[in-house]
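First the structure, in the form of structure tokens, and then the observations on it.
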Amino acid sequence: QAPIKATCEDLSCKTGFPEDVHSAVVSKSIRGGQPLLNVRFQSCDENKKIHFGSSEPEDFRVGEDGVVYAERSFQLSAEPTEFVVSAQDKETQEEWQMRVKLTAEPGFTGPSEKNQKKIEDIVFPWQQYKESSPLKRQKRDWVIPPINLPENSRGPFPQELVRIRSDRDKSLSLRYSVTGPGADQPPTGIFIINPISGQLSVTKPLDREQIASFHLRAHAVDVNGNQVENPIDIVINVIDMNDNRPEFLHQVWNGTVPEGSKPGTYVMTVTAIDADDPNAQNGMLRYRILSQAPSTPSPNMFTINNETGDIITVAAGLDREKVQQYTLIIQATDMEGNPTYGLSNTATAVITVTDVNDNPPEFTSMTFFGEVPENRVDVIVANLTVTDKDQPHTPAWNAMYRMTGGDPTGRFTILTDPNSNDGLVTVVKPIDFETNRMFVLTVAAENQVPLAKGIQHSPQSTATLSITVIDVNESPYFVPNPKLIRQEEGLLAGSMLTTFTAQDPDRFMQQTSLRYSKLSDPANWLKIDPVNGQITTTAVLDRESIYVQNNMYNATFLASDNGIPPMSGTGTLQIYLLDINDNAPQVNPKEATTCETLQPNAINITAVDPDIDPNAGPFAFELPDTPASIKRNWTIGRISGDHAQLSLRIRFLEAGIYDVPIVITDSGNPHASSTSVLKVKVCQCDINGDCTDVDRIVGAGLGTGAIIAILLCIIILLILVLMFVVWMKRRDKERQAKQLLIDPEDDVRDNILKYDEEGGGEEDQDYDLSQLQQPDTVEPDAIKPVGIRRLDERPIHAEPQYPVRSAAPHPGDIGDFINEGLKAADNDPTAPPYDSLLVFDYEGSGSTAGSLSSLNSSSSGGEQDYDYLNDWGPRFKKLADMYGGGDD
């Protein structure tokens, strides 16, 4: 590496540049912002403000500290580059100039070459002081040009770069050292210096992508460590080599472009990066398209900006319906795209052609047909089908239908099926076949969004829809419905009331006449002729009936035709019944109470008439002439049109119950009157007018209904008692009958106590061996007190397993069976008999009866007569048969 060496002469203090021409050797490739050299300006007045300038401001810039920087990146030519650096005093406007000459350094050669240049020295600047003069003179500081070192050098290492020395090494023994990143700071050991000779070397290859430059500081000290020179800065720039390929940020890039786009439409941008120096050719990338698939309609539908990576369209004819996606292979090459020396890499760009509405919907047929039964709604009568080449299920594909003619009353609507895009023609209002037999509709279809600009097609498609109305059998209907008539009540049965007929809307069907029937007649007052609909009465019409509400009686009738299928309709007949005076007034209440004295003894009564005005009140109240005691004891006076007051005429009337007839007459024309009986209870009263002997009067005056109720209760009680007695007697008879079921011959309970069943005798061949094997279970221990047990009672042990005899054993096996049973019984502590005293009961010592052993004696059996046993009753009949039967 050729060093840069500058010289200067000792001058007296004079403001200005110390030299007129300053020469420097720099690298051939200059980057923008790179420091090149340092020009020193000598100012005798430190307070002066000096401004530096350059005659080539577009290429070079001079900082306030005198450092010259490159304004842009460029390559130095073989000829020296010259420019003028100026310095101007801002106050006095005095100006000084110096010409700078830059020479490109020769190419770097490895140390192994024979023509390797000698390693140059970098000499520390020095300071000189005159003892006789207070004025300090110093040598101008040097600016050491950067040392440029290529990356990835192959060595050999350590590789010598430059030698640092001081002019004082002739008189002093000095030690040299370097500090900074790469030397004594991480990464350490990259640069080393010989402390004696000052030889600076690099120990291994450098990588610009890791560290682009190193800033070191060289030091010179004596053997005692005292600084003898000011440190100098050494900048080592790592020169970039093309050792990195471009890398795309994504291996697959996705972009979209609308179909029909014009040439020059921006699509997308692909980006690659290169780890090499972006300001050098090694990091300057260029893009190009290697291939396009498919290649229709043109193999060059897209182009790419080779510097920015922007992809744009260059040809027309993008049609999604033909090609939906393009795949481009993009290549990025460094060295400004030099195919020979540049490194390359590729990526894939996938461009999807998006849909625009460039195809309107088109009906598959110019005419569609449908049919609908009359009076039906919410039914689909026809499907309108269209085709659209745009992308399905997008606004450019979705169709909207509308009717442009043929339906002025709005009986139809068209809905869109979201899946098939068909138009569903639906009836929304009922249609009458007798009025409209056919509809011819004009329908149009268009997309949800308008067509794209420049499309020459019509935005909508039209078609014709013919809908035929089908005649169906309709229900007959009554006219009017409901029908209201006014009729006086009391119309006799069999009277013709009115005619209620219906009409059949099916004028074009061959049907017979309608048939009528009654559907609802709550009081069963009416009947209808099934042919002509004439309604007659079957009972007297009564306005006061419970089936009449607000003078109105409703009946429903049915009219049916004989169509297929048969249909029927209903009609309501409303009869408004006019009142006649057919009900006489009655007294209310039916019973009253008064005192037996004259005061107070008034009874208020009310007349009740089911009829209405004018056949009701005001009413006239009077007492009958007979019997004479009525008028003699009572008097009546009207209070109002509906109310009257009954009171005693005499001073005292004996307590009791009296029937007072009252004649009430209404205001109808003609009048209607009735005699109502008021049951008056006369009682003794206290000073407040309250009865004191009501219980006596009530008991004495029980009515027939109360007496009958009391008698019924008594009868029911007697019947229950009788039934209980009968049931008790029947239960006793059943109990006695169960006892009589026992054979008297076997009833020997008074003579023989049965303790256990141990099988029959020798004559009893039909015996059960299980009785020997499994005796009856003894009573549980929980019932018997602890410690109380009979001596002959079977002990409680586990039941042994006795051998089971087969149903039909072989005669030779009987002996084996008996022996096995015997062994089991010998080992069974619970098997009878027991070797203990059998105690049955204690009946005292001695007996007046003789011995019964003679019953079994053969010697004296024939000498005794036992016929008297027959006289002892059924319990001794068995003994009488055994011993008193003679020779038998």
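Just so you know, glycine gets a Cβ as well, placed from its N, Cα and C.
Record features, source TrEMBL:
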- 845-862: compositional bias 'Low complexity' (COMPBIAS)
- 141-248: domain 'Cadherin' (DOMAIN)
- 249-363: domain 'Cadherin' (DOMAIN)
- 364-478: domain 'Cadherin' (DOMAIN)
- 479-587: domain 'Cadherin' (DOMAIN)
- 586-692: domain 'Cadherin' (DOMAIN)
- 845-866: region 'Disordered' (REGION)
- 706-728: transmembrane segment (TRANSMEM)
How many of the residues that make up the domain 'Cadherin' (364-478) does DSSP mark as helix, as strand and as coil?
0 helix, 54 strand, 61 coil
Can you count helix, strand and coil residues in the domain 'Cadherin' (249-363) using DSSP?
6 helix, 50 strand, 59 coil
Do you know the DSSP helix, strand and coil residue counts for the domain 'Cadherin' (586-692)?
6 helix, 53 strand, 48 coil
Number of helical, extended and coil residues in the domain 'Cadherin' (141-248), per DSSP:
4 helix, 47 strand, 57 coil
